[in-house]
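Annotated domain 'PAC' per TrEMBL: 33-85, in sequence order. The transmembrane segment annotation in TrEMBL covers 161-180, 186-206, 288-312, 360-380, 392-413. The domain 'Cyclic nucleotide-binding' annotation in TrEMBL covers 492-592.
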């Protein structure tokens, strides 16, 4: 550890000068490299070494040390045919000949860090110097093969949101186009649907090149495993939902039956909703997200049922066998009520008139919404047997949806206002307590003021309960963060090691004081050291204010220099709302006993603004 990493103390007269210079440059440039170098032992015996150098980087990408690996290859550097090789097997001679080859050694020389980590060579295998013994001691993004996309990268996240938006577009427009028979030769609709189909086809291609999380929680980036996983799961559904069903209908000479079939097959595109199911688990923990999702589901179901309701009316309004109008159909009754009745065109031999498609859709959606919410005004009502059967089924679905959605809404709102309810329950309990025991008015006001102010600052969060859930290491990290103002502002903690700060942090407590609260009464034991983080306090001796304490001040007792507990010589009272970080005497002494080096620094650098052990003693530098 006291010698140079270049091993210059082992160089000799036969050590290659060029190799020495390359080793020096490797260290100077913080590079990874490997060499075949001749070094000398203490007795000046020459030894050939295969030397590998790897820089070790920390989380800030800074090289903090080098890992040098040496393997004795003297045996392999001897000539193949000599006295020392008699009795050798052919495999041993072949191995030595292989390692003696310069071309093979050059394969080991890394061009960059990636090759050092991943590239295996035959010589490295012979010498057991694979990449597994040259770890990168730092956190870094997983290396993926070419053309493989990480499933959590920014591009993939943006792309998934685009796919979700187009999925909802498909879920809305496909039932509408199928039910209301929008013209397939409409260029605008055809182009838009074709663009959407192309985007979903591109999504299939991307899914063949996107990593996924394996059963053990690992990120799978092997292209073969990715393809097999996608083929076994969502590929068939995604492919069926992306077929261009509109293309065939675009041709005018297509048989009407085939055209109707492909128009119906467009409903298969609703399988794209499977993409929504893949993303739900990311948002189900958020109450607001669940509420929005439930509302969207309710509206989407109402839209689908409205399309089916119109299709039933459109099928029954005209009897194609007798070519007569069915006056009991809800479409006929709607046409009469809004003044757009159906009429028969004798010259063309077809029925014309009736409400517009926009009016028909709005009326259908209005009926399904009133049925799903169990309101049902009756101005649009089923009259035929088929319409009544559909209405019964819709009411059954609606009752389940209504109970599920609005039951969840109640639960979500209860969760959202759980803290508020707990707050009001606590206030009622405190008021009942103060009234039952007839607490004086002044003290009652102080109690209520303290509770309200403390809740407004902590939001009802139980810090101790949260910390008890976390493991020991994480709890210490959180405590260091919570007490960072004390550690950063006071010079007594500057020389503390990380372990010492963590040990101190878990012993600190944070208390909130309201105006008028007494932190210490004269005569009581001083068993804690208090650091003022915010607010103002006054020190009172013999009814006289002798000091005003503020942010950055410290009061208590010098436990580490005394063997007995002190009696407080003054009252310490809060003038404003204060935050104090305190540490108990026993906890502080325990840490100081273990970290003796820190104890000396702490005792030397910590200055008490007010020492409650000594009457009339306080620091004029910090008093006002």
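Cβ atoms here come from the backbone N, Cα and C positions, even for glycine.
A Cβ distance under 8 Å defines the sequence-distant neighbours of the transmembrane segment (392-413), meaning residues of its chain 6+ beyond its ends; these are 287-288, 290-291, 294-295, 297-298, 301, 305, 309, 368, 371-374. When the domain 'Cyclic nucleotide-binding' (492-592) is classified with DSSP, helix, strand and coil residues number 21 helix, 44 strand, 36 coil. Per-residue pLDDT, averaged over the domain 'Cyclic nucleotide-binding' (492-592), rounds to 91.
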